[in-house]
């Protein structure tokens with residue numbers, strides 16, 4: 001069946017079947033589900049509030065000249081994530097009788113977009129929610145936006161003299177920056193800056209924990225971790241601060257064991273180790289007061305609630321309970337004041353709030369049609385036809401026939417290889433080579449259709465799924481919109497956002513617009529395991545096929561690059577209205593071709609002028625007519641004003 005053929009509806013297929021197939025009810029809860037129309041719907045306030053039909057929303061945004069690919073940010077989801085985080089800690093503090101409070105910060109590196117950071121600061125004001133900065137530019141953002149004197153500004157990363165002095169002086173602006181010492185050589189600069197300015201800093205230290213972590217971010221802990229002080233370094237830092245009369249300004253202990261903690265047991269071990277270090281620091285004379293447990297509050301990308309790389313074996317409430325209970329258990333026997341608990345939970349806050357919607361431009365499929373037999377055909381072609389006839393005569397679904405089907409597929413592969421060898425030697429023509437490929441595809445399709453259900457299938461026949469898979473050409477750049485899928489093999493939920501009341505009859509993967517073989521999406525979630533093919537629908541003429549990438553609101557936008565000069569996509573901020581509708585709060589236009597050219601130091605006007613002059617010469621030579629030149633220049637000028645992606 002060709003990918004362009006009209007689909008034959010399976011009347012028994014339901015929306016619930018699609019939701020189960022794509023795991024929507026697991027990773028999507030409580031924000032995403034499927035409605036009776038077979039569309040993905042969004043509940044921006046989770047279990048409360050109204051729903052938005054995602055397909056209808058996209059169509060209305062397209063009518064506003066916001067073409068795909070389109071990044072849709074739901075501000076209500078961002079606020080809801082913040083509320084759920086604080087509610088979880090408030091419940092845990094109440095449950096365990098913790099004589100302290102929780103005060104979070106958002107790591108700006110997760111998503112530096114202005115509207116995102118501004119909204120988090122404003123929405124978090126009631127909890128004195130702050131920001132974490134890891135560079136001078138991020139520090140500038142944090143200092144300018146957070147004007148709450150009780151909110152924390154955690155200053156991480158490498159720090160030169162100017163960074164340190166900026167943080168110290170900002171205290172006089174009514175800000176509360178915490179300079180976290182992460183490298184031994186920062187101590188001397190901090191002491192010198194404090195003495196020269198005559199101002200006391202608010203200090204923290206980051207400890208290198210020995211707790212063993214798992215997954216991609218396991219290098220965040222241990223002796224070879226990029227950041228943090230070893231125990232000897234911690235002791236040396238305390239002594240240096242004591243000698244400089246700055247030990248009274250050491251108020252915070254920070255640790256970080258990875259951006260995504262999959263296993264709650266790892267967190268418990270880290271908390272026990274960090275809490276003991278905290279206790280020891282108080283014994284050494286530091287007043288302390290804050291324990292920053294870092295990031296790592298994970299996202300269940302595949303919905304399996306397991307310790308796999310794309311999941312977490314705990315809930316948000318489990319996480320808060322373990323942080324509160326473990327710190328209380330470790331600190332209370334020593335009679336010290338329980339610390340204010342801080343977390344840098346950027347991934348858990350930002351992942352859910354944005355959806356990338358892109359369209360499919362076309363498909364590439366294995367030729368499966370059976371070509372008509374010609375009078376004289378090479379032996380390799382004849383052998384393939386005989387193999388196909390044998391498969392067609394096999395009893396469908398018979399377990400006893402599996403070995404015959406396996407033999408037939410091995411024969412088909414061998415005969416195809418014979419045909420390719422004959423072509424290289426000039427014994428068969430190009431049309432005959434094409435015939436061999438078509439017959440091999442027909443064999444694969446026929447064998448796949450004869451395999452029995454619910455039986456163990458040999459590995460060689462399992463590979464038929466990949467052989468028959470289609471390539472769906474996506475109107476996006478993964479290097480711009482989902483770089484982690486390429487860089488660290490991150491899994492994000494992908495699924496059609498419509499036609500969920502139809503059974504998907506194709507298996508496929510996605511290829512992006514870039515001229516790069518790595519520009520593909522070929523790893524998908526599936527029942528707690530990774531699969532290389534996704535169930536998709538046939539394309540229909542004159543009808544867009546729209547795919548959603550979910551849970552990608554953290555890191556992807558800020559880490560994307562200009563590979564092949566594909567720039568940022570159009571983006572919108574959506575907010576629910578009291579009447580149950582929505583309003584577009586902000587529109588962020590995607591990069592135009594002119595903008596990405598300028599980013600690479602090209603002058604668009606100069607490029608146009610060169611082409612105009614070349615066109616004039618072509619007119620003089622009689623190679624172009626004036627009307628053709630006008631059309632060419634119109635196209636070029638329009639392209640400079642358009643986004644870098646293909647237009648429908």
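In case you wondered, yes, glycine gets a Cβ from its N, Cα and C as well.
What Swiss-Prot records for 291, 292, 293, 294, 295, 296, 297, 298, 299, 300, 301 is substrate binding site, and it gives sequence analysis as the kind of evidence. In sequence order, 260, 312, 347, 348, 351, 352, 551, 554 constitute the residues six or more apart from residue 299 (substrate binding site) in its chain with CB-CB distances below 8 Å.
Remark: residue 109 (N6-(pyridoxal phosphate)lysine) has 132, 134, 138, 346, 555, 558 as non-local neighbours, by Cβ distance under 8 Å and separation of at least 6 in sequence. The N6-(pyridoxal phosphate)lysine feature in Swiss-Prot is assigned to 109; the stated evidence is sequence analysis.
Of all Cβ atoms in the shown protein chains, 23 besides its own fall within 10 Å of the Cβ of residue 301 (substrate binding site).
Cβ neighbours of residue 297 (substrate binding site) (same chain, under 8 Å, six or more residues apart in sequence): 85, 261, 316, 319, 343, 345, 347, 348.
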